[in-house]
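These notes are about the structure you will find just below.
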Amino acid sequence: MTNIRKTHPLAKIINNTFIDLPTPSNISAWWNFGSLLATCLILQILTGLFLAMHYTSDTTTAFSSITHICRDVNYGWIIRYMHANGASMFFICLYAHMGRGIYYGSYTLAETWNIGIVLLLTIMATAFMGYVLPWGQMSFWGATVITNLLSAIPYVGTDLVEWVWGGFSVDKATLTRFLALHFVLPFMALALTAVHLLFLHETGSNNPSGILSDSDKIPFHPYYTIKDILGLIILILILMLLVLFSPDLLGDPDNYTPANPLSTPPHIKPEWYFLFAYAILRSIPNKLGGVLALLLSILVLAIVPSLHTSKQRSMMFRPISQCLFWLLVADLITLTWIGGQPVEHPFIIIGQLASILYFMILLVFMPIAGMIENSILKW
């Protein structure tokens, strides 16, 4: 009799995705981040669900409801900090996953890559709205500054901002709709994850060497299930170290002050994982130009596959491209640092140079490096 996991309609899907899936035998720990991201998403949905049971989306009580969760709800503090720091872990895994995609040329799987970009935008929107909900000073002013960027759109900008706000400023209507959207977007992300996986399994995974691995595949279970569980243990360990020892390490002290529309914080800045994009936004003196640069900083990823000039897929055997990749990583770290600094000399010029370098590496230097490497190998 054939095993039920190979015949039952539901079990068959799970079997073909997580058990009998033919997987390249040489994929490294950099391929662990997909499963870690799925874990983070599930964790965020579950902790968020419990937080939503106690949260009130009213400007007068939102801040107090967070205090109530931390002080009066059983294990409310740990749920709240797991959710807040879980978001940070989510973005660490997300950026590592994307970095691996660029380094090993996984972006040549166009459908998977493009769905990944849509997923990234969905998760960024979710995280931004979640940051507004505690209704602290940085929540309020962050929401005001970022939603105000829509006013840079010619002709319809002002109307659009007021439509998003549900009034003439960030207020109760804004908070309520942000809660609704913050609740629903992760489920959209979950659906997109399924599509992402569907497209990936149409072609099969890439591997570090970037060459076709059809001749050397092994079943996903038990080899990669064990490997993923190890990654999972490390992720949970780091998350719990953060939650239990320094839960506010990655947060902003200003968010422990209730939102006050009459008092602007000295430095308005988003969460650390958006600082690189915020630095790019601020590096352009023109409002519309800044908004376009902000959008392009993410959307530029969509044209990376079109700019692949090398005859090799992966950067494993391409030293010039490797140097450029690590320069890009260093540049993004610099942008993240600049995004958290005040707008004054020398930070302004450093931010502008780092922003130019970011786009130059992706759009100019990497394609040229690919062509140089081809000519070195006489291809």
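Glycine is treated like the rest: Cβ placed from N, Cα and C.
Swiss-Prot annotations:
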- 33-53: transmembrane segment (TRANSMEM)
- 77-98: transmembrane segment (TRANSMEM)
- H83, H182: heme b b562 binding site (BINDING)
- H97, H196: heme b b566 binding site (BINDING)
- 113-133: transmembrane segment (TRANSMEM)
- 178-198: transmembrane segment (TRANSMEM)
- H201: ubiquinone binding site (BINDING)
- 226-246: transmembrane segment (TRANSMEM)
- 288-308: transmembrane segment (TRANSMEM)
- 320-340: transmembrane segment (TRANSMEM)
- 347-367: transmembrane segment (TRANSMEM)
* Using Cα coordinates, what distance in whole Å links H182 (heme b b562 binding site) and the residue listed as 'ubiquinone binding site'? -> 29
* Structure fact -> Given the binding-site residues H83, H97, H182, H196, H201, the candidate whose Cβ has the fewest other Cβ atoms within 10 Å is H201
* **Stretch of maximal Cβ-Cβ contact with the transmembrane segment (33-53) [cut-off: under 8 Å; candidates 113-133, 178-198, 320-340, 347-367]** => 178-198
* Structure fact -> Cα of H97 (heme b b566 binding site) to Cα of the residue listed as 'ubiquinone binding site', in Å and rounded, measures 17
* So what's near the transmembrane segment (347-367) in sequence-distant terms, Cβ-Cβ under 8 Å and 6+ beyond its ends? -> 279-280, 282-284, 293, 296-297, 300, 303-304, 307-309, 321, 324, 327-328, 331-332, 334-335, 338-339, 341
* Structure fact -> Spatial neighbours of the transmembrane segment (77-98) not adjacent in sequence (6+ beyond its ends, CB under 8 Å) are 30, 33-34, 36-37, 40-41, 43-44, 47-48, 50-51, 66, 69-71, 116, 120, 123, 127, 130, 235, 238-239, 242-243, 247, 250-251, 271-273, 301
* Asked: Reported as an integer number of Å, what is the Cα distance between H83 (heme b b562 binding site) and H196 (heme b b566 binding site)?
  -> 24
